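*Asks:* Pulled these features from Swiss-Prot for this protein:
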{"type": "ACT_SITE", "residues": "SER118", "note": "active site, nucleophile"}
{"type": "ACT_SITE", "residues": "ASP178", "note": "active site, charge relay system"}
{"type": "ACT_SITE", "residues": "HIS229", "note": "active site, charge relay system"}
Amino acid sequence: MDDCRFETSELQASVMISTPLFTDSWSSCNTANCNGSIKIHDIAGITYVAIPAVSMIQLGNLVGLPVTGDVLFPGLSSDEPLPMVDAAILKLFLQLKIKEGLELELLGKKLVVITGHSTGGALAAFTALWLLSQSSPPSFRVFCITFGSPLLGNQSLSTSISRSRLAHNFCHVVSIHDLVPRSSNEQFWPFGTYLFCSDKGGVCLDNAGSVRLMFNILNTTATQNTEEHQRYGHYVFTLSHMFLKSRSFLGGSIPDNSYQAGVALAVEALGFSNDDTSGVLVKECIETATRIVRAPILRSAELANELASVLPARLEIQWYKDRCDASEEQLGYYDFFKRYSLKRDFKVNMSRIRLAKFWDTVIKMVETNELPFDFHLGKKWIYASQFYQLLAEPLDIANFYKNRDIKTGGHYLEGNRPKRYEVIDKWQKGVKVPEECVRSRYASTTQDTCFWAKLEQAKEWLDEARKESSDPQRRSLLREKIVPFESYANTLVTKKEVSLDVKAKNSSYSVWEANLKEFKCKMGYENEIEMVVDESDAMET
């Protein structure tokens, strides 16, 4: 880690614990525990909600969160496998009707700190997560501080919280001698920032894997004391004053390297010596945490440079589209690319392939956690992926139908759509949609990137229905498919959510529209009342 200039885990812990948030939170927890009821009060403009600890017989059994019906966390990023939480904590949260009691109490507040000790901490984390993950976020800021809280859920829950950009709202204070926060069940995973404390100071870790590693080290090296679970008041008030005092390094001379000096101070803050075996293990854990946290950030920065390097490929496709739109043949770039094999088509095809490889690599890196959990929520990548998909997917559809084996190939939307587009669709669904405005001109690119694939299916339905050999029953079934697409396409055109190439005189859509009109006239459908169509069903990809 020589390329790292500073190690800040010990400094971060010192700064955090010195703020009134932690002393006031613990005082609130203590009052709630004594009264055995939820305490809500204001201190210096901050509303504290302290949830009391509840003696429980059994913790450690996981249960899946409901994904249908009354969903507790609708705004939480969904992952596979299913996010799970401790069954006893979930049951207690529902029994105590915490969410019903808070909805009115917190109206008009600006900053709310949800806090709790032991099982009260787990309930506090659950409550804060419920507030933060609603479809409509609360009007106030939410922060959660727990003391000696048991772990709440599985790895999928931890990952979902991180990807939803909610992890920074949680801070868990844990004594290195307290057994309660360290679950023996390997299925449980931490989330948020962990502030490990001892009489010597504290260290902050915010990577789930590093927190688990620290738990394992403490299980084998730290002195285990059942009374430690009740000593958080001592730690909070002692450490908050310790920050104001000067620190002296106990391990001889301070290392010249500022990063190594920071690591050494962090090891001592947890009460370990830099020279003994336990201290070496803690040092390795802190260094690993730094490396794990930095690696995705650095890779994301490198990827931004790689994105810039493929920009010419995207511009090549844009220029190709513009040239096709202006051509005398009155065909859009979809039809040009599908029908012809000109020299300029070869060049744009190479750009299409280059972009596909780049985005396939990005998707793979996201899935293997090589990038930050919230990578896909960054504005740069939201816009870049959207622009890429709007411009390139029609060419991928054209290429598919250009080379398709009609007998065995099926359709593009029948399991042949590249995974990258399905993932980008999920990314876009997680973005707040701006209020819809009426377009005064046609879009620069068709807003439904699967429009041409749906048209190809509708073309086959119409071709089959037009055949003389088509029996009335089969023709009726085909009409039930054609009419929804017609309604959907008309809606897109009316709202001007298609590009001009869709309405070009000789485009596939214009030809299909003319053939449909002729077929209706021939069959006497023109004056019939068409069936009512669910437009949303028609527009499903």
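Cβ atoms here come from the backbone N, Cα and C positions, even for glycine.
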*Asks:* What is the total of other Cβ atoms whose distance to the Cβ of SER118 (active site, nucleophile) is within 10 Å?
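*Replies:* A 10 Å sphere around the Cβ of SER118 (active site, nucleophile) contains 25 other Cβ atoms.
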*Asks:* Suppose we draw a 10 Å sphere around the Cβ of HIS229 (active site, charge relay system). How many other Cβ atoms does it contain, all chains included?
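*Replies:* Neighbour count, Cβ to Cβ under the 10 Å cut-off: 18.
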*Asks:* Work out the three-state DSSP category of SER118 (active site, nucleophile).
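*Replies:* DSSP call for SER118 (active site, nucleophile): coil, neither helix nor strand.
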*Asks:* Distance between SER118 (active site, nucleophile) and HIS229 (active site, charge relay system) at the Cα atoms, whole Å?
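*Replies:* Cα of SER118 (active site, nucleophile) to Cα of HIS229 (active site, charge relay system) measures 8 Å after rounding.
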*Asks:* Tell me the Cβ contacts of ASP178 (active site, charge relay system) under 8 Å, same chain only and six or more apart in sequence, or just say none.
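*Replies:* Once residues fewer than 6 apart are set aside, ASP178 (active site, charge relay system) is near GLY148, ASN225, GLU228, HIS229.
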*Asks:* Does DSSP put ASP178 (active site, charge relay system) in a helix, in a strand, or in coil?
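*Replies:* Assignment for ASP178 (active site, charge relay system) reads coil.
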